[in-house]
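Comments concern the structure below.
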Amino acid sequence: MMAGCGEIDHSINMLPTNRKANESCSNTAPSLTVPECAICLQTCVHPVSLPCKHVFCYLCVKGASWLGKRCALCRQEIPEDFLDKPTLLSPEELKAASRGNGEYAWYYEGRNGWWQYDERTSRELEDAFSKGKKSTEMLIAGFLYVADLENMVQYRRNEHGRRRKIKRDIIDIPKKGVAGLRLDCDANTVNLARESSADGADSVPAQSGASVQSSSVRPLTSVDGQLTSPATPSPDAGTSLEDSFAHLQLGGDSIAERSHRGEGEEEHESPSSGRVPAPDTSIEETESDASSDSEDVSALVAQHSLTQQRLLVPNPSQTVSDRSVAAGGTVSVRSRRPDGQCTVTEV
């Protein structure tokens, strides 16, 4: 009858006689010099240490960071610049991998150069190539890729549209790095190029200059239907009331004079006047005259309307200067209020 789990005796007497009690387990089994990755469940290739001290393959961390910027074990956030500046446990292995163990190595195309595959993927590609296979699958950064050894391209198994060239070449050709990790000799220059191109920092000075120039130019403003720039002084807003009333008076006179002219005679009007005639107010004048006869209108309004009637219905043979002299040098002009009442201002 089998004994239960609780009946098993794990005492020191159960140990073999050739093993001492104080002997550690590491002496009985070979120690693992390369840590294991908790993502791919294999020995780490180019192991990196996160700020939380967990160790993974560089490509495994890269693939996990695309899905979420957190550690796969403790869920602590991964810094944004970790992929550009990873903490390698053994930087010397990267240089050794770039030198390679054989005569040939496998590369995939990058921007402005070639990247060397990591050691594990290179062994898989070399094994498939030596066996004459047409294609093989690779697990890279958490994604399954298909390497077409006939056309020498690679693509994701679930996305055939994105293809990248691959090649088998000698180990000593110029390269950007290994498995996305740049070599030390190119790190400084490449980081500067990345900072000036990826984030648009190189275009900031030009954009700032353009923005200052564009902000200094204000849009044109409209004054009485005419476009004026901010630098151009606007028309004098403090024009005296006398000029405005004189303008209205001359406009009324021109309307009265044009009523006695034939059609087409307005074209021969003297250009020295240079003034735009005021709109026709005959209807308003008629309404004001009719309201002066009602009992609700005050005597002051009636007096103003009579004065305006005398001004707006002049003798055709009398000029403006004659009327001004006859009135003793005083010109009275009617102005209409918003409430419909009329006032007369003496100039």
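Even glycines carry a Cβ here, placed using N, Cα and C.
Per Swiss-Prot, the feature ubiquitin cross-link maps to Lys85, Lys95, Lys131, Lys176; the stated evidence is similarity to another entry. Here Swiss-Prot flags 92-168 as domain 'WWE', drawing on sequence analysis. The region 'Disordered' annotation in Swiss-Prot covers 196-241, 257-347. The compositional bias 'Low complexity' annotation in Swiss-Prot covers 203-217. The compositional bias 'Acidic residues' annotation in Swiss-Prot covers 282-296. Per Swiss-Prot, the feature phosphoserine maps to Ser288, Ser292.
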Where Lys85 (ubiquitin cross-link) sits in the secondary structure, as DSSP reduces it to three classes: coil
Those recorded sites listed as Lys85, Lys95, Lys176, and which of them has the most Cβ atoms within 10 Å of its own Cβ: Lys176
Residue pair Lys95 (ubiquitin cross-link), Lys131 (ubiquitin cross-link) - Cα distance, angstrom, rounded: 29
Lys131 (ubiquitin cross-link) and Lys85 (ubiquitin cross-link), distance between Cα atoms, whole Å: 38
Separation of alpha carbons, Lys131 (ubiquitin cross-link) and Lys176 (ubiquitin cross-link) (Å): 29
Residue counts (helix, strand, coil, in that order) that DSSP gives for the domain 'WWE' (92-168): 20 helix, 37 strand, 20 coil
Set of same-chain residues at least 6 away whose C-beta sits under 8 angstroms from Lys131 (ubiquitin cross-link): none
Local confidence of the prediction over the domain 'WWE' (92-168), expressed as mean pLDDT: 89
